[in-house]
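What TrEMBL annotates here:
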type	residues	note
ACT_SITE	HIS192	active site, pros-phosphohistidine intermediate
BINDING	LYS86, PHE134, ARG162, THR168, ARG179, ASN189	ATP binding site
DOMAIN	78-215	domain 'Nucleoside diphosphate kinase-like'
Amino acid sequence: MYFVETGMAVPASVYKSKKQRVQSGLDYWEHSISGSNPPSSLSVANTLSHQDCPVMGSRASAPRLKTQCAKCTAMSNEERTFIAIKPDGVQRRLVGDIIKRFELKGFKLVGMKFIQAPESLLKKHYADLKDRPFFPGLVSYMASGPVVAMVWEGLNVVKTGRVMLGETNPADSKPGTIRGDYCIQVGRNIIHGSDSVESANKEINLWFKPEELCSYTSCSSSWLY
């Protein structure tokens, strides 16, 4: 008897042994999580062969397993960042170009809104700068027109997003970055991006409700990770 697996005919004896190995691995980890001792017949060495990836399933060879497990790791390291196109970026009609850069990089847009931000929201957003002399002007500038608030998702998106933005002062930003290409003066630097994962989570929760964010699988993800 043969079973069809991943497009190949597999003898029943081989199929059964592979199925047993996977089940043994699941039993082992179940006992590990519960804190009980696994059955004596189980060990890490004999639970899953080099051809079995617990997340991606069976693969034909060790190199393919390495590739797939790297993909599993990348997927587990995905994070979200908050990006806001400021009033000057909106007025200068740079919204499409900025979104295009993040999409071409491979990041996934999971939330977006076009909003005239109230000063109360902006004061919370920039609360860490409230004692700085430029704080009133910053809030006034951000409230002077609509902004495009976005949430982007992807591998290391917070750090990479900051690199894509460029330095806070456009004069220090390299050509090829958003600020390096599109702006001149620090008081009109067109875009905001979270500077850490913790800040991103805080800012996302401040600007978006959970139901305003979309969780979905992009058809391009398998070509990126």
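The backbone N, Cα and C atoms fix where each Cβ goes, and this holds for glycine too.
Just so you know, TrEMBL annotations never went through curation; they're auto-generated.
On a Cα basis, HIS192 (active site, pros-phosphohistidine intermediate) lies 9 Å away from ARG162 (ATP binding site).
The number of other CB atoms found within 10 A of the CB of ARG179 (ATP binding site), across every protein chain shown, is 23. Counted within 10 Å of its Cβ, the other Cβ atoms near LYS86 (ATP binding site) come to 22, all protein chains included.
On a Cα basis, PHE134 (ATP binding site) lies 16 Å away from HIS192 (active site, pros-phosphohistidine intermediate). Sequence-distant contacts (6 or more apart, same chain, Cβ under 8 Å) of THR168 (ATP binding site) comprise ARG179, VAL186, ASN189. The Cβ of HIS192 (active site, pros-phosphohistidine intermediate) has 20 other Cβ atoms within 10 Å, all protein chains considered. Taking the domain 'Nucleoside diphosphate kinase-like' (78-215) as a whole, pLDDT averages 98 in the prediction.
The DSSP breakdown of the domain 'Nucleoside diphosphate kinase-like' (78-215) into helical (H, G, I), extended (E, B) and coil residues amounts to 68 helix, 30 strand, 40 coil. Other Cβ atoms within 10 Å of the Cβ of PHE134 (ATP binding site), summed over all protein chains shown, number 12.
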